[in-house]
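Per Swiss-Prot, these features apply:
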SIGNAL    1-28  signal peptide
DOMAIN    101-187  domain 'PDZ'
DOMAIN    188-426  domain 'Peptidase S55'
ACT_SITE  HIS236  active site, charge relay system
ACT_SITE  ASP363  active site, charge relay system
ACT_SITE  SER378  active site, charge relay system
Amino acid sequence: MPDNIRKAVGLILLVSLLSVGLCKPLKEYLLIPTQMRVFETQTQAIETSLSVNAQTSESSEAFTVKKDPHEIKVTGKKSGESELVYDLAGFPIKKTKVHVLPDLKVIPGGQSIGVKLHSVGVLVVGFHQINTSEGKKSPGETAGIEAGDIIIEMNGQKIEKMNDVAPFIQKAGKTGESLDLLIKRDKQKIKTKLIPEKDEGEGKYRIGLYIRDSAAGIGTMTFYEPKTKKYGALGHVISDMDTKKPIVVENGEIVKSTVTSIEKGTGGNPGEKLARFSSERKTIGDINRNSPFGIFGTLHQPIQNNISDQALPVAFSTEVKKGPAEILTVIDDDKVEKFDIEIVSTTPQKFPATKGMVLKITDPRLLKETGGIVQGMSGSPIIQNGKVIGAVTHVFVNDPTSGYGVHIEWMLSEAGIDIYGKEKAS
């Protein structure tokens with residue numbers, strides 16, 4: 001074998017052996033974050049077994065550092081930012097930019113709530129054929145209106161509820177004039193015209209559309225921020241039962257509800273909380289937002305769950321770990337209880353996303369009573385290591401013991417609680 005080839009092979013073998021020996025340290029080095037966020041008075045740990053020193057890059061008042069054998073603990077002291085510098089044998093090897101944010105705590109929920117939503121305008125949920133003198137017709141369908149469209153104006157007048165519609169239809173029908181409609185379809189606004197037809201059976205004019213201006217259901221309160229009274233619930237969007245499209249909210253309200261029974265979930269057939277609430281019940285908060293991360297608004301007064309009424313810290317998605325956790329929810333009457341779960345997997349997210357973790361119900365009593373995650377449990381707060389980390393959102397249809405959760409970070413943002421305010425301003 002030529003000498004130059006022998007040297008090349010030897011070099012390759014040497015590099016390979018070194019790579020194997022350095023594999024774990026290299027992985028741990030790469031796992032050290034380049035940026036991290038921590039709240040004032042709270043501590044975050046960076047897991048590493050590397051023999052490195054860690055210290056602030058300057059006489060910083062933003063945070064303190066403590067090195068343990070297998071982790072580096074960073075504790076926020078004062079909002080601001082600084083750098084954490086790692087050195088090996090006196091040589092700097094990496095830096096982490098640390099953002100210390102103003103302290104934030106929320107009161108976890110768990111209460112069963114009744115939800116009443118009022119849409120912007122009236123929602124078209126379907127069509128029907130009118131028996132006219134010329135046969136069956138649907139003027140709305142002929143005009144190009146689609147299920148899921150929202151009628152927001154008729155003849156230039158704002159439409160807010162179903163009762164607003166009938167006078168315009170009857171007037172246009174009697175005069176034989178067309179109705180000028182302004183409809184909202186997704187993000188578009190579309191103008192169209194239609195002429196009401198007389199129903200031969202009833203003698204009234206119709207437009208051949210099924211419409212709705214409100215929706216109701218139940219869910220679970222996730223949290224509220226005690227200073228602003230802003231809250232978040234459900235953890236997922238509310239969609240219309242017929243069109244399956246998200247309801248565009250004009251306003252709405254939440255009330256207390258009572259769980260009367262549970263339909264237990266089985267494989268392929270998710271269960272459900274059966275609950276009741278009366279329209280006469282006192283409104284406990286308003287709804288001003290219906291988003292992929294839940295419903296949001298402001299409470300009219302503080303509400304208690306009588307199990308964890310003290311404000312708790314919140315966790316960033318990077319802090320959530322695989323392992324034991326708890327949820328707060330109601331399975332009987334209005335009593336909030338704590339149940340054991342397991343975080344099976346979690347995804348540290350840089351941008352808002354609805355499915356941030358997979359969880360599994362492990363509590364024997366909850367499994368016995370419900371079979372796992374059931375409809376109406378959406379929004380149940382998840383607590384891990386004394387912090388609110390997220391909310392239950394979806395159940396796996398073929399395995400009701402498991403489902404998805406959303407990180408609390410994104411629900412707080414949707415609620416209008418700017419946890420990054422000082423960070424953005426710096």
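Glycine is no exception: its Cβ is also placed from the backbone N, Cα and C atoms.
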Handout entry: Across the domain 'Peptidase S55' (188-426), average pLDDT on the 0 to 100 scale
Key = 92
Handout entry: Secondary structure content, the domain 'PDZ' (101-187) (per DSSP, counts of residues)
Key = 18 helix, 41 strand, 28 coil
Fill in the blank from the handout: If you count the other CB atoms within 10 A of the CB of SER378 (active site, charge relay system), including all protein chains displayed, you should get 29
